[in-house]
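S.K.: What follows is a structure written as structure tokens; I'll ask about it next.
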Amino acid sequence: MVVLSKPTIADFPPIINCKSTTLFPVIPTVDLSEPDSKHLVVKSCEEFGFFKVINHGIPLELISRLETEVIEFFSLSLSEKQKAGPPDPFGYGNRSIGPNGDVGWVEYLLLTMNQERNSQKLATIFGKYPEKLCSALNDYVLAVKKMACELLELMADGLRIKPRNVFSKLLMDEQSDSVFRLNHYPPCSELQASNGKNMIGFGEHTDPQIISVLRSNNTSGLQISLGNGSWISVPPDANSFFINVGDSLQVMTNGRFKSVRHRVLANSIKSRISMIYFGGPPLNEKIAPLPSLVEGKESLYKEFTWFEYKRSAYKSRLGDNRLSQFERTAAT
């Protein structure tokens, strides 16, 4: 068994603590084997901006193959991993999340969907041809991208939008600005004596893209906000996927779907590995409420390109409301 490298609290800057919460017993669950799952998809996106997918059809062998390679990567010495960094924004990073001062009990590898660029980045560690990791990565991404598009088309069906690929075509576009992130949250044994408090692994935020597809190992830590200030812990499920509505999808649905605010808490005993596909549109794509969802209503957002929003988000802190400057109500 591979043992992941374990830093100590002294290796990290001070991180704010937060009170723990109880597990949320009922996460909205979409069974993709059910022929009429579109209504539950829409309801989940409206009420939570978040749901679990089961019977997804992605082979567990494919998932475990990538996880094995990811564990091998994060088990390397810090000096070896740093050869794939610093993040530019792609590459290896730890502690610092973005360029604006956010920190967390996490190390990560952020990758583009450009296979050649990933190979060049990882070749500094694994040799000239990092074939095993790149092969596992490509197979996995193709599978989750296909599932993400299927879900987006179910959303369009449930919203009675034509054509049904109005969302999915943005991910299928050759210029789609999608990214893939691998996170490792080392165990933090010092938390066992912290009087019920938890250390932030990854601070609260929303995802700026259209949709996020998350898979993690069987370790708790993920929490979502219910919108009333309360945080709910999501029971881990290594065999399922969790779906987040992103900021761009919230805009395109004119606020009908909610971009879920979420965070990760450090675990005192177990390592947590998460693998997230962020489905994004092309950089020049114009993001605005779909006309069919604005009929008889007020458009809540100004039109902007994905490049404009991505540039704005990159300048913000994790917890900022990045959509505020694009809301029409903010200008009145």
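Using N, Cα and C of the backbone, Cβ positions are placed for all residues, glycine too.
Curation plays no part in TrEMBL annotations; they are all automatic predictions.
From TrEMBL, for reference:
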- 175-281: domain 'Fe2OG dioxygenase' (DOMAIN)
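Set these features in their place in the structure for me.
M.R.: With helix defined as DSSP H, G or I and strand as E or B, the domain 'Fe2OG dioxygenase' (175-281) counts 11 helix, 47 strand, 49 coil.
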S.K.: Restricting to the domain 'Fe2OG dioxygenase' (175-281), what is the model's mean pLDDT?
M.R.: 90
